Amino acid sequence: MLLLACSVHGQLSSDFYQSTCPRLQRIVRSATQQAIDKDPIMGAAMLRLFFHDCFVNGCDASVLLDDTPTSVGEKGSPANFNSLRGFEVIDDIKAQVEAACPATVSCADILALAARHSVSVLRGPRWQVPLGRRDARTAASPAEGLDAKDMVALSGAHTIGQTRCGVYRARIYNDKNVDPKYYRNLLGGRGILHSDQALYGGGQVDGLVKSYSANNSAFFADFALAMTKMGNISPLTGANGEIRLNCRKAN
């Protein structure tokens, strides 16, 4: 896995579009800021889109594909249906990027940058995004390459955004290790989701939860590293994949 991570990272570069699309960062930053100004929850939506893209066969923009007569996309899966949002924001950013740099920048890279800029706008950590991904032509099955520390740090993304009542109703009314009034601190049994509270309570990652609860800088640093690592999961590069002109459908 370490060898794979190193080889994958070597194929991507933070200055990949420096000569072919020098305005890329400014376009994505401005459009992301405008989207969040209009709807503050959109920052969390961009971050969640990136998560759900990378956790399914790598960061290849497969989550953005609409269904076709011959292919069922990831948008309608149980984990995503009527849950993911922000597709129109990516459409808008893609349109602006295409106007500046036609057929040059992948939807996968746009999504990775939008997620990073969203975290930055919401006063979270910053990190350099390796670029050079290409887009998948079809949806695919899940694949991950993260360890326990990465997952604990990435779970910190739940400090922003919203979730549906159906996701946490059973936890609030049925679990015994939850405070019914406050849902912020895992150390006090106040995690609102099962997956959150499962991170603390006698398990192997309790130490990480305690560390992050006491040291925000440590959380920011590990979150940025985990986001970079997640963004390097099985990217399509070189002759693989394509540069979609429309993020919702293959060329």
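Even glycines carry a Cβ here, placed using N, Cα and C.
Where the annotation comes from TrEMBL, it is an automatic prediction and has not been curated.
What TrEMBL annotates here:
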DOMAIN    11-251  domain 'Plant heme peroxidase family profile'
DISULFID  C21-C101  disulfide bond
SITE      R48  site 'Transition state stabilizer'
ACT_SITE  H52  active site, proton acceptor
BINDING   D53, V56, G58, D60, S62, E74  Ca(2+) 1 binding site
DISULFID  C54-C59  disulfide bond
DISULFID  C107-C247  disulfide bond
BINDING   H158  heme b binding site
BINDING   T159, D179  Ca(2+) 2 binding site
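When the recorded positions C54, V56, C101, C107 are compared by the number of other CB atoms within 10 angstroms of each CB, C101 has the fewest. Across the domain 'Plant heme peroxidase family profile' (11-251), mean pLDDT in this model comes to 81. Of all the Cβ atoms in the protein chains shown, 27 others lie within 10 Å of the Cβ of D53 (Ca(2+) 1 binding site). When the recorded positions C21, R48, C107 are ranked by how far their Cα is from the Cα of D60 (Ca(2+) 1 binding site), C107 comes first. Using a 10 Å Cβ-Cβ cutoff, H52 (active site, proton acceptor) registers 19 neighbours. Local packing around the binding-site residues D60, E74 was summarised as the count of other Cβ atoms within 10 Å of each Cβ; on this measure the leading residue is D60.
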